[in-house]
C-alpha cells in the first residue's frame, strides 16, 4: 500500500494519482487532482505542520503563496475518504469531502444496504436482488470493477457488492399500488426473521456445537470429524455459487424465491374468498389447509373450472421453466402411447413397455440465486420447496403413475413424499450443499439449548432426525449412485402397495415388481463385476421409513409456509394437467 507521501508526489508530478486501499484489494482508484492550472511549473514541498499526523500531508510552495492543499486518509473510515483544505476556505475547514464507493470507486452518495456506495451500484444491487437476477462471468470471476468498467461484468460486480457488505435482506420488496390488498406479497411471504427456532441465521455461526449428554457429544463429534458438516462462514459460502448454476443456463433460470410460499398464499387467498361467499358453512378452507384436510369438494371444482389453481402456480413455472426447450422432451413426446385416465374412472390400464424411459433419468434442480452470505430460513425453505416440486413433477411424468387414477396418485404421493424428498436430498447433495444446511440446523439447535427455547425431548428428536438424514445421505454419496439407479429407487418407493386405503393394490404391486426387474437388468448390464451392488442399494431403502415426515416439515418448510401441512398442498399440485409439468423439469444438470 502506497504511503501518503508517495501519493502526494504522484499527484504533483503527473496530475493523476493511484490509491490502492485495503478494502479494495487489487482495485485501483484514479483521483484527478484539483490543482489550479496557474500553479503549474511551481515547486511543491511536503511541509511539516503543527498537529500533522502520519495520515496528513501538507503541500505548499516555497514562497508560501501557492494554494495550500491537504490530502489525507483515515484508517478508521469504512470507505476511501479524501478531503481538500485551502487557505481560501473559512477557518481552514474542509471545503470538499469525497466518499468513494467501495464497489467501483466512484463518488459515493451515502450508505446503502450496509455499505458506502454510489447511486449506480446502489441501483444495480437493488435491481439484482429484487428481480433475483442470475449473472455469469465470461472470464475467471476476478474482473476489475471500477468507475469506467463496472458494467462489463455484472456477475463480478454483484459478488463485489456482497463481499463489501451490501446486505440482500436489506432490499425491500417492491411496493404494491395503494388499491391492492395490503397483505404481504409472495416475495415477502416468508420473512427472514421467522425461522423454525426463532433464530436469525444471518449472523455467523459457531463452528462446533456442544450438547447436553455425553452420548450426544460423542455422536456430534463423530459427525463433524467425518467432514460432512462444515463451518458456516462467508468465505466457505462464497466459493460455492459456481456449482449452483451452470453459466449457460444462468440467464434462463430466473424466478421468484418463494415458490411454495406463493402457492400456499394463493390457495389461502382463494380460500378466504370462498369462505366469505359461504359464511356459516363448513370449516374454512384456510383451516383445512392447516389441518391437512384435502376434501374441499365444491371448492376444488370451482377453482379448477376458473383456472385459479393454474394461476396460483405461475411463480413456480417462472422458477423452473427456462428459455431452452431442448433440455427436456415435449409434452407430446413424453405422453405418446401412454394412458390418461380421469379421476374416478373404475378401470385401470397397465401401460405396455418399460416403466421408466431415458427421460425419467434426468433430475435437474435449479437453486435460488444469488446465494446469501449466511444461510437463512428463506433460502433453505425455497431450496427444499423446489426439490419437493421437482420430485412431484418427476412422479407425474411416469405414464404408469398417471394410469393409477387421481385418487391413488394423490394417496401415494401423500404417503411417500418424505421418502422421495430424502432421496432427492441425497441425489442433490452437492448442488443443494446439504452438508452446510444440516450443519446450520445443528448450530441452531445448539443455540436453542443455550437460550432454553426448546424442550429437551423436542431437541433430541430433531437432532436424531438430522443425524439420520446425514448418515443416509453420506452412505448414498459413498455408493456413487448414478441417475438411472436413483430413478429406479424412487420408482420402487413410489409404487409401494403397503399403504392403507389404496385401490387396486395388485396393479401398484405389479408396477413395483416391474421397476425392480428393470433395475436389476440395468445393474447387471452396467456393473457386471459388482455382484452385490443391487443388494447394497435396496438395503438403503428401509432407512427411509425411519424419517419422520413431521420433523422434515419443521426443519425444511415451517419457516417458509408456517403451519400449513405438505399433505394439504400435494393434491393441488397433482391436479394440474400432466403436460404442464413436462416443460418445467429443467435447470442445472447433476
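Here the Cβ of each residue, glycine as well, is placed from N, Cα and C on the backbone.
Computed from a predicted structure; not experimentally measured.
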Inset, instruction - Look through 258, 383, 568 and state which residue has the annotation phosphoserine in Swiss-Prot. - result: 568
Inset, instruction - Look through 56, 147, 238, 460 and state which residue has the annotation SUMO cross-link in Swiss-Prot. - result: 238
Legend entry - phosphothreonine according to Swiss-Prot, picked from 33, 117, 210, 259: 210
Legend entry - 61, 208 - residue that Swiss-Prot labels as phosphothreonine: 208
Inset, instruction - Have a look at 203, 338, 369 and find the one that Swiss-Prot tags as phosphoserine. - result: 203
Inset, instruction - Please spell out the DSSP helix, strand and coil residue counts for the zinc finger (137-156). - result: 3 helix, 0 strand, 17 coil
